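Some notes on the structure that comes next.
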Amino acid sequence: MSSTTNTPTHHTSTIGSIGAPSRRNTELALLVFAVVIPVFAYANVGLALNEQVPSGLLSYGLGLGLLAGVAHLVVRKFAPYADPLLLPLATLLNGLGLVAIWRLDQSKLLQRIHQAGTAAPRQLLYTALGIALFIVVLIFLKDHRVLQRYTYISMVGALFLLLLPLVPGLGQNIYGAKIWISVAGFSIQPGEFAKIVLAIFFAGYLMVKRDALALASRRVLGVYLPRGRDLGPIIVVWAISILILVFETDLGTSLLFFGMFVIMLYVATERTSWIFFGLLMSSVGAVGVASIEPHVKMRVQAWLDPMHEYALSQQGVPGHSEQAMQALWAFGSGGTLGTGWGQGHSELIKFAANSDFILATFGEELGLAGLMALLLIYGLIVERGVRTALAARDPFGKLLAIGLSGAFALQVFVVAGGVMGLIPLTGMTMPFLAYGGSSVIANWALIGILLRISDTARRPAPAPATNPDAEMTQVVRPS
Amino acid sequence: MNKPLRRIAIFCGLLVLTLLIRDNWLQYVKADDLATDDKNRRVNIARYATPRGDIIVGGKAITGSVENTSGDFKYKRTWKDGAMWAPVTGYSSQAFGANQLEALEDGILTGNDDRLFFRNTLDMITGKKKEGGSVVTTLNAAAQKAAYEGLGNNKGAVAALDPATGKILALVSTPSYDPSKFAGNTDDDAKAWNAVQKKNDRDDPMLNRALRETYPPGSTFKVVTAAAALENGKVSGIDDKTDSPLPYQLPDSRTELKNEGNIPCENATLRIALRYSCNTVFAKLSDSVGNEKMIEQAEKFGFNNKKLDTPVRAAQSVYPEDNRPQNAMDGIGQASNTATPLQMAMVASAVANDGKLMQPYMVDQLRASNLDVIETTQPKQFSQAVSSETAQKLQQMMETVVKEGTGTKAQIDGVTVGGKTGTAQHGLNNSEKPYAWFISYAKLSDGSSPVAVAVVVEDGAANRDDITGGGLAAPIAKAVMEAVIGTKK
């Protein structure tokens, strides 16, 4: 064999694919931390609030440990080469979220306001369901490319999910945003699931159309302008996200879907002009709707002057909420190091303190230091997702992975930015941390798909049979 | 596809970086502003998280703290004899804030004062809970009680001072309010609070009349006019005849000033004029001293001072710039001349202390929770109101008033008392019931003077003639002086 066969064709990506270690033991070691840290946090809350270790500590620790352990075993069996960081990071966030939800359950103020007090056990149930879905994804989705077959079914499914909240009698209006539906007493956010389904559709669609979109374009003023008919899809998606904004009055959901599409379009076509178009269209859309639609307008005003919004809510003017200002006070009162678990007063946010605004609890009780660590964990998840996309060998896998991680990043930005007053508030929640079944279940599925893609990407190529000569040649090859 | 992927990775990194920067802005740069924003409920939660320190009178706490059973404010303020002490302590309410000592010494009472920082840090390390310090006042419980009971159902105020130091011994205002009734933040507290607001209670029980209400001082001000006349050489001796016509026609005016009743005021000596409270004599003296010098003398006694802090700030007593006829009327405590009860107690106190006016104060010591003294107030001279000779002359005259003049009801066996009555007209054409005033001091056999007091009774239920300083106010002053002397023994 000549040395030409050794041209490192597979080494364009940063992750080597041949002979890569499975890293399952790394994952296991990290998982131990991901379970132990929340258990300590849980004990900490109990000590701070009641001066005793909470009685549920053992069952909580065992529950979380069991879930993480089962997930790990399934990964070990069905996706042995998957990314070792994603599972521990998601487990850590989920565990800390449970602790914060339990901590808010203990607040007498919140107990008085709504039926709360039982959110943590429910969230543990949702977590179990989420991990079950994660396991199902890993067991039954042997190869992510299978999803490619369902491109157009996904489109229909995504549209269906997105439109569900608008169905009369089914949709729920919570604080103005219509992104929930109510089924048999459960509130479901279809948008969380739509996020994944839509990513599948975009990936499949763009993989087929990317050449047409990328190559057939005219260059005007240094920018590649796509042909009119190729503009069609982006305009349709844009129109749909505007419709979401108008009818569901949620800036976050709208931004998330459009942003995800632009990211995937850009990656598929490698044309910077799409980014430019995307930004232009989304700002035109957002500004346009914000200046017309009263509820969105109100949210923007509340964002610009949260203090005034607070004053209005204190005067009892309907439609105004003190939450935004209360969240800012929570962050400020936390300061650099925070008050410590259980010693803050984030319950003053009242409504949605344990879901949309859960980040404020972390900000107040863990301080700047803790919250930055938390944001970096999210950053790390996104980074692992992007790395999976880089490592993936097929365009569909690349697109799907970047779509999912991009959407995840946008969601984190939209929610955290909203709670911290950087952008107007939206009705979405922090993945894994916040109370809410849809969010937890959908995001576990998302992690499952990313793990599947990364497993496929890092799995040693089955093809060329090992040839001792090749190794020999490699060794003697001059550098 | 990898180049755009890397760019997207950078974009996602920027999103996270933006969040980190925003977080630093919120939790580092803006943290203090947000954490101490007075609309941020945490400020009050922390404030009521530990039992509040006490305000102490004569070694006994007149305040306390109870644990709340509901709500997020753990401890609630209580007062013993709240209505009697309210003019001293003020209120401290979870719903309505605080005032007076409760507000001014809040740092010590909550334990948040900077001077307690080191101690608090030490306590934090040793695991001790933060506790509020205490405020030791100068007040005299017996005197306060005598004054409060003396005023009874009448509307009025009493201020008593220790002339030698300026210590405030009694500070009473009636009708009063019980701050315990609205110390919390429940609906009942709100109801109690609303009930004592001026708009709902015409008697305005929340008004601290001893410090914050000004009245025309009436004839009690003649002591100041006499002082001005003596200091400016308008009268040489207190027993020399003055050149005082009766009736006295006000300068630049056709108004004739008369006296109340048929009293020997024509060309009366200063002693006689004060004993009978001759308007004619003192109005003419005020005119001959002149507005400028009258203002000067009044200011030496504490008038026209916008920042008289005890540390609770007293309202400004005013001796105004006026034209001649008005100045003459100002000289007998009418026209635009107004004074707080504390101000008139200061006048009596300066006379009793041989002309040396001490700065009035009511906080003796600030103490940490372990009783360590953080700060002690040292008596401070406010001014030399009059020379010691003039002061002694004024004393002789005021003692005559009590011995055989209008103030006989303030006599105390075995104690020399000097005083001056006052009946101040007010209302349109003096239509309303006059204010009854009495200012006095007591002098013991050893020459020391332990107490000076001013009493004002707004409108007794009695008929007009009865509301004279001598009738209504003097017995209250007497009771207060006796109480102070009683505690001295």
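We count from 1, first residue shown onward.
Yeah, the Cβs are placed from backbone N, Cα and C, and that goes for glycine too.
Those TrEMBL annotations? Automatic predictions, nothing curated.
Here the transmembrane segment (A:28-45) has Cβ contacts under 8 Å with residues 53-54, 56-57, 60-61, 64-65, 68-69, 72, 84-85, 87-89, 91-92, 95-96, 98-99, 102-103, 106, 340-342 of the same chain, all six or more residues outside its ends. Annotated transmembrane segment per TrEMBL: A:28-45 (among others), in sequence order.
Annotation source TrEMBL lists transmembrane segment at A:57-74 (among others).
Counting same-chain residues at least six beyond the ends of the transmembrane segment (A:86-104), those with a Cβ under 8 angstroms from any Cβ of the stretch are 27, 30-31, 33-35, 37-39, 41-42, 45, 49, 54, 60, 64, 67-68, 71-72, 75, 110, 116, 119-120, 123-124, 127, 130, 341-342, 346-347, 353-354, 358, 361-362, 365, 374, 377-378, 380-381, 384-385, 430-435, 440, 443-444, 447, 450-451, 454. Positions annotated as transmembrane segment by TrEMBL: A:86-104 (among others).
Sequence-remote contacts of a segment are chain residues at least 6 beyond its ends whose Cβ falls under 8 Å from one of its Cβ atoms, and for the transmembrane segment (A:124-141) they are 60, 63-64, 67, 70-71, 74-75, 78-79, 94, 98, 147, 436-437, 440-445, 447-449, 451-452. Annotation source TrEMBL lists transmembrane segment at A:124-141 (among others).
As annotated by TrEMBL, transmembrane segment applies to A:150-167 (among others). Below 8 angstroms of C-beta separation, residues 178-181, 190-191, 193-194, 197-198, 200-201, 203-205, 208, 240, 244, 247-248, 257 of the same chain, each at least six residues beyond the ends of the transmembrane segment (A:150-167), sit close to that stretch.
If one looks beyond the transmembrane segment (A:179-208) by at least 6 residues along the same chain, the residues whose Cβ comes under 8 Å of a Cβ in the stretch are 147-148, 150-152, 154-155, 157-158, 161-162, 164-165, 167, 170-172, 233, 248, 250, 253, 256-257, 260-261, 264-265, 268-269, 395-396, 399-400, 403-404, 407, 411, 427-429, 436-439, 441-443, 445-446, 449. The transmembrane segment feature in TrEMBL is assigned to A:179-208 (among others).
TrEMBL lists A:229-247 (among others) with the feature transmembrane segment.
Non-local neighbours of the transmembrane segment (A:274-292) in the same chain are 223, 234, 238, 241-242, 245-246, 251, 254-255, 258-259, 261-262, 265-266, 300; each lies 6+ residues outside the stretch with a CB under 8 Å from one of its CB atoms. Annotation source TrEMBL lists transmembrane segment at A:274-292 (among others).
The transmembrane segment annotation in TrEMBL covers A:357-378 (among others).
If you look up TrEMBL, you'll see A:399-426 (among others) marked as transmembrane segment.
What TrEMBL records for A:432-451 (among others) is transmembrane segment.
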